[in-house]
Each structure stands twice: as structure tokens, then as C-alpha cells.
Amino acid sequence: MSYLYSLGTRPSHLWGLTLVLLSCHSAYANNTAVAYGDNVATAYADDHNHAHNHNTHNTNSSNTATAYATAHDGGYVVEQSTGLATSDEPVGVFMGRQTTANTAQSLASCPEHFYANTAPQLVGTKGQKLARKNYELCFDGFAVLYSGISRTPIYSAEYLTRERINQARSLARKDSFHEESRLPTNVRATLNDYRRSGYDRGHLSPNGDMANLSQQFDSFSLANIAPQNGTHNRGLWQEIERDTRNLTLKYGELYVVTGVVFQGRQIAQIGDGVLVPSHFFKAVYVSSINRAGVYYTPNNDSGKIEHISLAELSERTGINAMPSLSPQVQSSAFNLPPLSEHVDGVDKGGDTEGWPAILVLSVEFVMSLLK
């Protein structure tokens, strides 16, 4: 919790609140952190039933690693001795494309969400890891490539217009987080996975981009959600979402691909195996001026952000967000607008769950009184 450091110098009557917040912080840690050690691996069977008790994560052991079993499905094996990723490469442990009636139609069925009707491509060695298995989901206002092992989207794509954004502005936010019924239950993120996890349920295609109630409801599908640092979600990321909408209003239309990245040797998880991304990105293409760029930012409260090209994004992640664009456009980073200096209120795209949200609001209120 980013507020803890400032409470120690406050009047004595606030120490009770400090202790409550410390308890809250401790509860987060016990549910979200995974310690990666030298020789003991907690395996996930290929049917995705955990072999360990998911209610108690190992946060203090130096002898626990998280790995995935490959007995039947030939899944990608992560480095068991040190964690989920080899070096700083993105984690490539995705479950695999399913083409049964239980899932949505392929992304070819909803080409309107992609520039030149072409979905993002997974390229290179990193892309091959991501492409081993996944689920394609078409929604009214966006499209998702979903991972059955990270239990998050890999990316979500949308086509924004000035008319759509103006319609979205007239809609009040109606939280309706729900599990994605088109996904098999054994790979589906659940509401319980996020409950008291210490992370926001972060939209990839944000609620604030949705033009009607049907699109808005779809945006709250957990297939469009990933665990997001609360400060990041309600601060820097909210501004990125707002500036993306402002770009749409300025230029008339925008193609957007938003995604997550899993880098590093230690990947946290929440709930029953939902992985926490190390980074979020938002790639945008402004067709009227033929320019593209990417916001790339770590999933933490550091406030750091990079503006990179689509080519650089592809190199880092194995995701070619807009493969139909020319090499010249992909290799040149559009000078994306600077982020707002101040965030007024809470954007439609953010979410904080349960009693942690109440504590955050309580601290903000107390701090405002002491100023």
C-alpha cells in the first residue's frame, strides 16, 4: 500500500488505522506472492487442477518453485529451479487453442476489431511459446486472445471511433464482473481468484471505451481482465486509457491492441493460478496520419513508462500487434501525447475490490483532512 510510509509521522490517533493497513498489506502478500527457490516445484497438471492448496501460497520458503506438468499435453516447461521464466523472456506457458463448440468462433469471425481485418500475430521464438495453445474470443466491442494457463488475456483488440467514444461518455459505469462462460471451467479465471488478492481487476479493453450496455457488460468478462497493481490501474494506466480516447476524438478513429507481458524469473500469482503480468502495453495506430506507437509500462507503482515502436514491441514480446502495417510505420514510434499531470476521480476502467477499496478511500479521506 503506497500510503503506509506517510502515516508513521501522523498523530497518534491514526496508529489504529496504520495497524489495520499493515494487516491488509500482509494479507495481500500471503495471497499473491510466490517464492521461487532451488529444488521443490509445485506442479500444475495438464488438466489444470492444482497439485497444491491454492489458498496458501509459499511466500517465505526458499525451496519452492512453480512449474507446469507436461505429462500428456506437451505443454511448455518453465525453468523449475529459479522460477517461471528463463532469463527475462516472457513466460510461454499458455494452454492452447480450443476449437470446440464451448468456445467462441475464431478471430477471423470478428475482423472489424483489427487494422486491415488482420489479427495480431505471434512471431519469433517468444511468439511460438505464446502460440502453443490459446482461446480466441469475439465480443461485440473487442476481441481477445486468452491464455488458459496464465488465465488472463494475451491481448485485447478494438477499433475506436469518435462516435463510439462520444456514446461511451454518456454511459454510467455498471460493474458486472463475471466469469467467461465460453471458456472451459478448468482454465477459466473466477471471481474468487481476485477477491482480496491485493490487485485490481484491470481491463485490457476498458469499460470507458464501450458504446452501449452490451459492450459494457462484455468488457467486465474476466477474459478481458488481468491482475493489475492498484496504483498503476487508477493512476498511470487510467491516464493512458484517457489519452487513447482523446486521440480518437482528435483524429476520428484509432486501432488499439492492449496486452500483458510476463517477464522475469519470479512471476506472482493470485487465487487458483492466475498469473500477475510484469508489464502492460497499449499499441495504437492513427490511420488518418499513418502513425503508430506503444505505451509500455511495468505493472507496479513506479510510474515508469516507455514510448516504443510496434517493431520494438514485437521484439520484446513476440506480439506483432498490427502485422498489416508497413515496416516503416512499425519501426517508427509515434510521438504519443504526454500523460495528464493530474487524474480527477476514478476512470471507468479501474476497479478496486472489497474492503481494500474501503481502506484506500479511508486513508485518502484522512490524509485530506490533515493537509
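Heads up, the Cβ atoms here are built off N, Cα and C, so glycines get one too.
Unlike curated entries, TrEMBL annotations are predicted automatically.
What TrEMBL records for H203 is active site, proton acceptor. Every protein chain considered, the tally of other Cβ atoms within 10 Å of the Cβ of H203 (active site, proton acceptor) stands at 30.
Positions annotated as Mg(2+) binding site by TrEMBL: N233. Under DSSP, N233 (Mg(2+) binding site) is assigned to a helix (H, G or I) in the three-state scheme.
Averaged over the domain 'DNA/RNA non-specific endonuclease/pyrophosphatase/phosphodiesterase' (138-328), the predicted model reaches a pLDDT of 97. Marked as domain 'DNA/RNA non-specific endonuclease/pyrophosphatase/phosphodiesterase' by TrEMBL: 138-328.
According to TrEMBL, the feature domain 'ENPP1-3/EXOG-like endonuclease/phosphodiesterase' maps to 139-328.
The feature signal peptide is assigned by TrEMBL to 1-29.
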Other CB atoms within 10 A, centred on N233 (Mg(2+) binding site):
26
Rounded to the nearest Å - Cα separation of H203 (active site, proton acceptor) and N233 (Mg(2+) binding site)
9
